[in-house]
Amino acid sequence: MQFLSTQKPETHHDDYHLLLDSESALPVETDLKNGRRRKGASHVVATEAESQKHKLLEGAPVQRKAYLNKYALGGAILASTNSILLGYDIGVMSGAVLYIRENLDISSTQIEILVGSLNVCSLIGSLASGKTSDWIGRRYTIILAAATFLIGALLMGLAPSFLFLMLGRVVAGIGVGYSLMIAPVYVAELSPALTRGFLTSLPEVFINVGILLGYIANYTLSGLPEHINWRLMLGLAALPAIVVALGVLAMPESPRWLVVKGRLSEARQVLIKTSETKEEAELRLAEIVKAASVFSTSPADSSSLSQAASSSNWRGQGVWKELLLRPSRPIRRILISAIGVNFFMQASGNDAVVYYSPEVFKGAGIHNKKQLVGVTVIMGIAKTFFVLVSALFLDRFGRRPLLLLGSAGMAISLAGLGLGSKYLEYSNGSPGWAIALCVVAVCAAVSFFSIGLGPITWVYSSEIFPLRLRAQGSSLAISVNRLVSGLVAMTFLSISREISFGGMFFALAGIMVVGTIFFYYYLPETKGKSLEEIEALFEDEVVENPKVLVS
């Protein structure tokens with residue numbers, strides 16, 4: 001499979017070196033509009049690139065074509081399959097709570113705690129996943145995530161009481177926290193630059209597939225007795241967890257983690273399989289070794305790097321201090337960017353709208369349980385379709401345009417939903433146009449989320465941190481994601497009762513307006529750049545001119 005990039009190289013060939021992989025024709029030192037020259041990892045392979053420059057001068061084609069490597073695609077799909085578990089839980093719980101409430105006779109507050117507890121407890125897994133993946137590797141961390149969720153799903157499916165059900169949610173939440181961090185990081189480290197956006201957005205694609213499967217399970221099992229249907233709905237999540245745990249065994253380890261551990265020969269073999277040519281693999285390896293040289297006392301020498309990594313047995317120590325206690329200005333900006341996009345992803349209220357979609361549609365005048373579940377299936381189809389569209393165009397149009405389109409679209413859709421809800425609140429009857437407006441606005445809001453914040457949050461979180469900070473930096477950002485998601489899910493119904501659904505949706509629309517402004521002024525474009533180059537976007541002399549960030 002082949003993607004064409006819309007990025008075209010400058011006419012001054014001297015400013016470019018030719019990488020033989022899909023990361024080709026990247027600027028070495030580019031004038032960034034403010035007259036300054038960027039420093040960074042772009043010239044890592046300058047020596048090797050000199051031998052290729054003559055090809056450019058002789059008229060060799062430099063059109064950038066991104067080939068979707070089948071081996072990288074297979075690894076990305078296997079890792080992203082883990083995300084089905086979270087999506088399925090989100091989708092299936094929206095319908096299961098209708099029957100749990102009646103069967104276990106629990107209150108609305110207990111429902112909020114039950115729904116939000118998975119997100120809050122996933123904070124534990126998110127925080128632990130960075131250190132764990134630096135220690136045992138990305139691949140085994142994915143297996144650990146699937147196994148933990150498997151235990152939680154079985155506990156929920158067999159729960160005889162509310163407390164037992166809560167225990168299952170806690171365990172499943174820890175597994176979700178692990179999977180949300182590790183899948184995007186693993187895929188980003190495995191992928192070539194020009195297809196990284198598509199491949200790294202696959203976890204969000206699979207989350208939406210899981211949501212849709214959860215809705216379908218709700219609709220299919222809703223006709224069973226109430227003491228059986230919700231247990232089957234929740235317990236069926238154990239099946240994909242088993243498939244994920246077994247499938248991950250066939251995946252390669254992250255080449256960047258292998259380099260940090262000094263296992264260069266293994267990293268080279270993985271890069272050969274995920275590259276178009278052996279030469280491309282060698283150039284990518286040289287760039288990764290350069291980035292990983294912070295772990296070595298002699299960074300210029302690959303063999304000394306191997307010996308240093310093997311002897312030091314680095315397991316991520318010192319990262320939290322560098323991130324939180326003594327961050328440099330570029331690292332501080334990277335951390336704020338990652339935390340900011342994760343905060344607004346969940347402050348948008350998307351997860352809460354999905355979790356409580358039957359309540360939202362009930363407020364819009366739809367009361368039949370079967371109809372409520374049926375409308376959520378339509379919403380799930382819309383979410384899944386648009387996240388696929390976003391994933392396919394991420395590497396063509398870039399992260400920023402789709403992120404800004406998605407967040408602005410969410411603001412408008414949520415405002416429309418608030419307007420329709422307010423009208424129904426003060427109307428004596430239930431006019432069809434107001435009900436239709438609410439249904440369309442909900443579907444539009446989750447669709448715009450799937451275009452922008454949904455996939456791009458995972459892409460940004462996994463690609464903007466430097467190698468030494470990537471796992472634990474991403475885990476910190478995603479912990480904020482999980483915390484905000486849990487707080488919103490656990491307070492959504494309570495706040496809505498106080499200020500009405502219409503007021504709640506107007507508030508969420510305001511949050512998305514602020515988020516759109518933040519994204520416009522603070523997040524740079526990262527498409528087409530290797531992970532080792534992206535750190536340069538946040539260097540002091542680049543960020544001093546805000547126009548550069550939005551170019």
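Cβ atoms are placed via backbone N, Cα and C, with glycine included.
Going by TrEMBL, these are the annotated features:
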type     : residues : note
DOMAIN   : 75-527   : domain 'Major facilitator superfamily (MFS) profile'
TRANSMEM : 71-100   : transmembrane segment
TRANSMEM : 106-128  : transmembrane segment
TRANSMEM : 140-158  : transmembrane segment
TRANSMEM : 164-186  : transmembrane segment
TRANSMEM : 198-216  : transmembrane segment
TRANSMEM : 228-251  : transmembrane segment
TRANSMEM : 334-357  : transmembrane segment
TRANSMEM : 372-394  : transmembrane segment
TRANSMEM : 401-421  : transmembrane segment
TRANSMEM : 433-461  : transmembrane segment
TRANSMEM : 473-495  : transmembrane segment
TRANSMEM : 501-523  : transmembrane segment
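A Cβ distance under 8 Å defines the sequence-distant neighbours of the transmembrane segment (473-495), meaning residues of its chain 6+ beyond its ends; these are 108-109, 111-113, 115-123, 126-131, 176-177, 180-181, 184-185, 319, 323, 334-335, 338-339, 341-343, 345-347, 349, 351-352, 355-356, 359, 457, 461-462, 465, 504. Most Cβ pairs under 8 Å to the transmembrane segment (433-461), among the stretches 198-216, 372-394, 401-421, belong to 401-421. Most Cβ pairs under 8 Å with the transmembrane segment (140-158) belong to 228-251, among the candidate stretches 71-100, 106-128, 228-251, 334-357, 401-421. Beyond its flanks by at least six residues, the transmembrane segment (164-186) meets 75, 79-80, 82-83, 85-86, 89, 100, 104, 113-114, 117-130, 132-133, 138-139, 141-142, 144-158, 200, 203, 234, 237, 241, 254, 458-459, 461-462, 470-471, 474-475, 478-479, 481-482 of its own chain at Cβ-Cβ distances under 8 Å. Long-range Cβ contacts of the transmembrane segment (71-100) within its own chain (Cβ-Cβ under 8 Å, at least 6 residues beyond either end) map to 1, 106, 111, 114-115, 118, 142, 145-146, 149, 153, 165, 172, 175-176, 179-180, 182-183, 186-187, 190-192, 195, 199-200, 202-215, 217-219, 222, 226, 229-230, 233-234, 236-237, 240-241, 243-244, 247-248, 250-252, 273-274, 351, 354-358, 369, 372-373, 376, 380. Stretch with the most C-beta contacts under 8 angstroms to the transmembrane segment (106-128), considering only 228-251, 334-357, 372-394, 401-421, 501-523: 334-357.
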